[in-house]
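Asks: Pulled the feature table from Swiss-Prot, pasting it below:
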- T13, R55, H56, T187: phosphate binding site (BINDING)
- S168: site 'Important for substrate specificity' (SITE)
- M186, D210, Y211, D212: substrate binding site (BINDING)
- V223: site 'Important for substrate specificity' (SITE)
Amino acid sequence: MSYNVRVAIIGGTGLYSLEGMELIEEIFPDTPWGKPSDKIKIGKYKGKLIAFLPRHGIGHFLSPPEVPNHANICALKQLGVEEIVAFSSVGSLREEIKPLDFVLPSQIIDRTRFRNSTYFGNGVVAHAPFAEPFSPNLSKRIAQTAKKIGLEIHLDKTLVCMEGPLFSTKAESHLYRSWGADIINMTVLPEAKLAREAEIAYQMICMSTDYDCWREGEESVTVEMVIANLTKNAETAKKLLSELIHVLGNGDDLSLKNSTRYSIITAPEKRNPETVKKLRVLFPEYF
């Protein structure tokens, strides 16, 4: 791929395109992990070259466990992406996080069960640090932009990622609250883990659509409820992104550069050649 796109936007439920983007090209590349969720749009947005990828595909035909995260992140890495801003709907586990509120999580609890969450294994072992799953630098820029446009946004919250595609039971919802989780979704993992291994700064912007099912007297979450509130939030998300784009992709967060090089532990002579061949697409300088 001949583009040098530094910024990627991953759209979640209800965000399948980016209004105002001047399209240059659509690509649907092959990667060693298959094809991405859908065609990646490359274009200018507010004068900046970006890539846009709908996580669930246009028309929402991929459930959370089916999203080809490995291919998605690999394809964006090949474009030159250094920063990813991902959007997602979430359920609120806290009274103060109301439906339609925006949230910037800083921590994740992994409750997925059947998802491969690494590019490594099968003869090449690596252990990437993940204590801070999101980019503090990127999060700070998003928070500052939200303040600039007068958008109240909840900061430093804990996001629990469940397997899905079914929503939580009441017992699970109360359990997550007791653990200190503030919001819940089905898509931050393994997306965030793979972005970390690929040395891409990553932050998810969460939009609360419901109170999950823990709140007494409140209707339990439904798809209709999620979509209705996402539609209401669309204009706010566009307003935030139209300002945020100016502080993205300017080389402000290169803290992950070369980090994976020092996470690989397998001796060169013991590495599986087939795995090395795949990893070379992501890390040509390491293999």
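Heads up, residue numbers simply count up from 1 along the chain you see.
Including glycine, each Cβ sits where the backbone N, Cα and C put it.
Predicted, not measured: the structure shown is a model, and the values here were computed from it.
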Asks: Would you mind checking how many other C-beta atoms are within 10 angstroms of the C-beta on T187 (phosphate binding site)?
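Replies: Cβ-Cβ neighbours of T187 (phosphate binding site) within 10 Å number 27.
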Asks: Are there residues of the same chain, six or more positions away from M186 (substrate binding site), whose CB falls under 8 angstroms from its CB, and which are they?
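Replies: Set apart from M186 (substrate binding site) by at least 6 residues yet with Cβ under 8 Å, we have P64, P65, C161, M162, E163, G164, P165.
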Asks: Starting from the Cβ centroid of T13, R55, H56, T187, which together make up the recorded phosphate site, report each further residue of the same chain whose Cβ lies within 8 Å of that point, ordered by sequence.
Replies: G11, G12, P54, H60, L62, P64, V67, S88
Asks: Validating a neighbour-count step here. Other CB atoms within 10 A of the CB of D212 (substrate binding site): how many?
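Replies: D212 (substrate binding site) is surrounded by 26 other Cβ atoms within 10 Å.
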Asks: A 10 Å Cβ contact count, applied to the binding-site residues R55, H56: which residue has the minimum?
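Replies: It is H56 that, of the binding-site residues R55, H56, has the fewest other Cβ atoms within 10 Å.
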Asks: Find the shortest Cα-Cα separation between S168 (site 'Important for substrate specificity') and the binding-site residues R55, H56, T187, D210, D212, and name the residue that gives it.
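Replies: Looking at Cα distances from S168 (site 'Important for substrate specificity'), the smallest one goes to D212.
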